[in-house]
């Protein structure tokens, strides 16, 4: 009986999803990306070799796995081919195992130009995007003016649609942002060149996924970013431009929701955030520096330092609720090694009224007006990195994990104690 698993981040991204997806693909025949674009950064370590993927699903490093990019992904042809070349130079067969939905909206140079001009214009109020054109590409999709992957293979349609959409964006760039415009012929020529390399990988992804599931093949749906960055349920407006929650796996790939059997929520043992936006448990002291240095907390896509803080159970519970999380995978436990005392944010208190509440507010302003209520637990000095058996963890680490489980009101299925595939403790395998 086929079992399909959705892997999502329960925080603000960077939870370590790439390593877990790579580990889970041992029992999957297909891995599906269903939202986001090359703003994601999934880091995999196999046999000591580090690979960072931004667009192609993490299952590509398993020879028996077919990878799919669903319609919910905004696709940069240039970023795609750069990643294909990088992997194939390393001996990985990509073009023979990657299938891309023809209805993916494209990210083209004018999206990147608008993204950069917009952030520059906002100054101190900027969102902190990756500058890769993700937001403007999703805007075109919703406005029904997007150029989709299928358009690359219809030259007359491509030329006409590109002229129309580029006139619109160049008007904005020139007259509103006072920025340089984008050349039509250069974009058109580049699209036509890249089209022939991409054509063999284009497929009817919903049909292939349905057939794979009907044939009792396990599928893994790989989320990007994290639930707290979701365009609807995140800390708006400091969010990404797509739906990052588990429900998006259905919409963004073309499979029915009844085909999704298990949701694995990836959660760091502490909390991080990149870019702007409220972060109640953020630490600006020596402990925050410890987390940043030990956790190597620098964005794999932008290289920006991540903001670090204590584990926020209130935010985690909201993510668990909106995703219907079946089980948690706790990552980066080893980063807490050496800390005398640990804290978990178990509630919020209004900075103005002192009112207590235990649910994540909707919207950035309300969250910024909250301060965390902490519960303290003893830390541990022993090393947890690489441990593969729960009973071998220090007692204080075991107690910390049990408390995380209690305050999240969700069972822990897995624990990651290091970046390599093998550095994993498993209580319940999502594929059964």
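Every residue, even glycine, has its Cβ placed from backbone N, Cα and C.
The annotation active site, proton acceptor is assigned in Swiss-Prot to 14 on the grounds of sequence analysis. Annotated active site, proton donor per Swiss-Prot: 42, in sequence order, evidence recorded as sequence analysis. What Swiss-Prot records for 13-19, 41-43, 306, 332-334, 416-418 is GTP binding site, and it gives sequence analysis as the kind of evidence. Annotated IMP binding site per Swiss-Prot: 14, 15, 16, 17, 39, 40, 41, 42, 130, 144, 225, 240, 304, in sequence order. The Mg(2+) binding site feature in Swiss-Prot is assigned to 14, 41; the stated evidence is sequence analysis. Feature annotation from Swiss-Prot assigns substrate binding site to 300, 301, 302, 303, 304, 305, 306; the stated evidence is sequence analysis.
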DSSP-derived class (H/G/I helix, E/B strand, else coil) of residue 417 (GTP binding site) | coil
Within 10 Å of residue 39 (IMP binding site) (Cα-Cα), which of the recorded positions 13, 14, 19, 417?
-> none
Listed in sequence order, the recorded positions within 10 angstroms (C-alpha to C-alpha) of residue 306 (substrate binding site) out of 14, 16, 19, 41, 43, 417 are 14
Going by Cα-Cα distance, pick out whichever of the recorded positions 13, 14, 16, 303 is nearest to residue 130 (IMP binding site).
-> 303
Other CB atoms within 10 A, centred on residue 16 (GTP binding site) = 20
